[in-house]
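J.: Quick one: the structure is below, and I'll ask about it shortly.
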Amino acid sequence: MAEAAQPTGESQGAELTIQIQQPVERALRTPVRRGAQSVLRVSQLLLRAIAGHQRLTLAALKKELGNAGYEVRRKISSHQAGDSTRSEKYTLLRVSGSDAAGYFRVWKISKPRRKAPRSRLTLGSHSHGKTVLKSPRPLRPRSRRKAAKKAREVWRRKARALKARSRRARSLARSMVRSRASSRASSRARSRARSRARSRARSRARSRASSRARSSARSSARSSARSSVRSSVRSSARSSARSSIRSRARSRARTRARSRAKDLVRSKAREQARTRAREQAHARARTHDCVRAKAQEYVRAKEQQYVSAKEQEYVRTKEQECAKAREQMRIGAMEEARIKAIDNRVQTTMEDTSPWSTDEMRSRTKPREEKRQEPERPVKQTNQKPAVVKVDNAPSRQGKTCTKSSTKSGHPGCSGTS
């Protein structure tokens, strides 16, 4: 059995795991002469295909085997037709993958054999359809049959010997592979054991060295502590008085310096607090003054806006009144002019009491069209002088105006603002 695997594939599956097997039928029956050679050839082709392609697919494998003269087809169930004819000549190939999974048949494409030429007599006899009478004597002699039997026996012995040799070779190969694997495993186990022993020895040596160093350090520390204690006891008795006096003096000086520093810090803090309070009071007063000034300015601006709005309204009302007065004056002047014209006509009619002359009659009898075409007589209009208005800007005299009326019209003049 030969195995070959490719890690990745594209078209037929993500992975292809190929395994070559011989069918069970071939093992049960008589062995074929070229069975081992065909399996070896197929395994060699598989190895070449795997080495030649980075990602081996089922299509590429079929192409490689087809170029070498082999045909690959999926195995059909045993009950279908055509299985008995090809069961002895194919090599079983098992492919496992995501999409291409199953058993495939691989067999050598056999070339068509040339038929032996027939004699003319046989052709003629077959063509005419005549049956040839067989002689009661057999065609082959017995000596030839014995030789054939012996040859078959020899061939069977050789086949058995070849089969035994192949089995021995396979067993030797398996034993060699197993021995190699066992030797590799034993070598790996030995190397691991050696590395573990070395690491344990190193760790033990390190632990021993560290323990020795610790023990020496402890012993030296104990001895130094004992000697230091003894020397300190001796020196402490001597220097205790001196150190006590010096420490008392230093403590007194330190307390005095600390008290002075604290007093200075407190005084500085008080002065800073006072200055900050003064600055804050000044800032508050300034802000209050600014707020008051802004409020006063805002109130003044509002008052000015209110006064200006009132003045504008007053001016608008006065202008409207003046316009109305002017219109009334114009209307009165027009009425006076009409009244005067009517009075003048009445006077002329009263004065002309004499009978009508022929010219007047003719003029009166003129057609209406000529009368319409005659130009109208101009009417005298009186020119009126505009009223002069004076307005005092003082707040106490708001609403009071000085008016002057024209002497010709006699009507009161209009009031306005300058």
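Cβ coordinates are placed from backbone N, Cα and C, and glycine is handled just like the others.
Below are the features I grabbed from Swiss-Prot:
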- 292-330: coiled coil (COILED)
- 127-149: compositional bias 'Basic residues' (COMPBIAS)
- 157-171: compositional bias 'Basic residues' (COMPBIAS)
- 172-186: compositional bias 'Low complexity' (COMPBIAS)
- 187-211: compositional bias 'Basic residues' (COMPBIAS)
- 212-244: compositional bias 'Low complexity' (COMPBIAS)
- 245-259: compositional bias 'Basic residues' (COMPBIAS)
- 260-273: compositional bias 'Basic and acidic residues' (COMPBIAS)
- 345-357: compositional bias 'Polar residues' (COMPBIAS)
- 359-379: compositional bias 'Basic and acidic residues' (COMPBIAS)
- 395-418: compositional bias 'Polar residues' (COMPBIAS)
- Ser38: phosphoserine (MOD_RES)
- 114-273: region 'Disordered' (REGION)
- 344-418: region 'Disordered' (REGION)
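On this model, are these features tucked inside or out on the surface, and what's nearby?
T.: Long-range neighbours of the compositional bias 'Low complexity' (212-244) within the same chain, counting only residues 6 or more positions beyond its ends whose Cβ lies under 8 Å from a Cβ of the stretch, are absent.
Break the compositional bias 'Basic residues' (245-259) down by DSSP state and the numbers are 15 helix, 0 strand, 0 coil.
Sequence-distant contacts of Ser38 (phosphoserine), defined as residues of its own chain at least six apart whose C-beta falls under 8 angstroms from its C-beta, comprise Thr91, Lys108. According to DSSP, Ser38 (phosphoserine) sits within a helical segment.
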